Structures are given as structure tokens and as C-alpha cells.
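A.B. asks: Handing you a structure now.
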Amino acid sequence: MKAFIVLVALALAAPALGRTMDRCSLAREMSNLGVPRDQLARWACIAEHESSYRTGVVGPENYNGSNDYGIFQINDYYWCAPPSGRFSYNECGLSCNALLTDDITHSVRCAQKVLSQQGWSAWSTWHYCSGWLPSIDDCF
């Protein structure tokens with residue numbers, strides 16, 4: 001009986017943990033949100049290396065006490081308000097929890113803002129994406 005209760009609790013908690021996307025589902029959703037097609041492979045590469053395409057990831061604490069959130073691992077010191085209430089510049093004007101949901105709209109909009117202000121090198125994993133990029137041609 002205890003095992004059954006644990007399984008039910010895990011099943012109910014699973015949706016709150018986000019979802020795992022793949023290169024094509026990410027590319028299609030970002031395209032539907034208006035992201036230019038010539039950027040989609042770069043975003044797929046970043047998502048692969050930052051979160052393994054998982055929307056519900058909160059990264060380990062950084063050297064300054066901040067954390068990174070969501071599929072693009074957006075930093076809470078600069079871009080979103082952390083749940084702890086700790087100071088944040090909150091440039092995207094949203095709660096970091098909004099970056100952890102199945103709906104990637106907030107993550108995409110905030111990531112686009114990061115890109116426009118800091119460029120691709122804002123992501124520490126960008127060096128993995130500066131040469132070879134995953135193909136998205138078969139996604140459409």
C-alpha cells in the first residue's frame with residue numbers, strides 16, 4: 001500500500017517538474033513563437049547543452065549565490081525574480097518559476113532579451129555551439 005501511495009504521489013508531481021523536449025519540438029515551438037528560423041539550430045544547441053532540453057531544470061548554485069532556470073538556464077541575478085526573494089535585476093520582469101513550466105513562451109521571450117543585450121556568449125555553453133550546429137531541416 002505504501003508503494004502505491006508513493007507511486008501516485010510521484011505521478012502527480014511529475015507534471016510540475018517540467019517536460020523534456022527534443023531538438024525538433026523546440027525548433028517548431030520557437031518558430032511558432034516567431035523566432036527567426038536561422039536562429040533555431042543555435043537555440044537547440046544551447047538547450048541541449050544547458051538543460052538537455054528539460055524545461056524544469058534549476059541549475060546548481062553559481063559562485064555568486066545565483067541559480068539558472070529552465071530550458072535555457074537563465075540566471076536569476078540578472079533576468080528573473082528568484083523564489084527566495086533574493087535581490088535580482090529581473091530584466092525579464094518575471095518570476096524564475098515561470099521559466100520552469102511546460103509552456104516555453106516566457107523562457108523564449110526572456111532568452112531573446114538576453115541574446116539582444118549580451119549576445120550568444122551570454123551562455124557559457126556557447127563554445128559548444130560556435131561551430132557545428134544540430135540540423136533542424138528535418139523538423140519542418
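Cβ coordinates come from backbone N, Cα and C, glycine included.
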A.B. asks: Which residue in the list C129, C139 does Swiss-Prot annotate as forming a disulfide bond with C45?
C.D. replies: C129
A.B. asks: What is the disulfide partner of C24 among C110, C139, as given in Swiss-Prot?
C.D. replies: C139
A.B. asks: Pick from C92, C96: the cysteine that Swiss-Prot pairs with C110 in a disulfide bond.
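C.D. replies: Matching partner in the record: C92.
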A.B. asks: What whole-number Å value do you get for the CA-CA distance of C96 (disulfide bond) and C45 (disulfide bond)?
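C.D. replies: The Cα atom of C96 (disulfide bond) is 22 Å away from the Cα atom of C45 (disulfide bond).
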A.B. asks: Enter the number of other CB atoms within 10 angstroms of the CB of C139 (disulfide bond).
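C.D. replies: A 10 Å sphere around the Cβ of C139 (disulfide bond) contains 17 other Cβ atoms.
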A.B. asks: Do you know offhand how many angstrom separate C110 (disulfide bond) and E50 (active site) by C-alpha?
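C.D. replies: Distance (Cα to Cα, whole Å): 15 Å.
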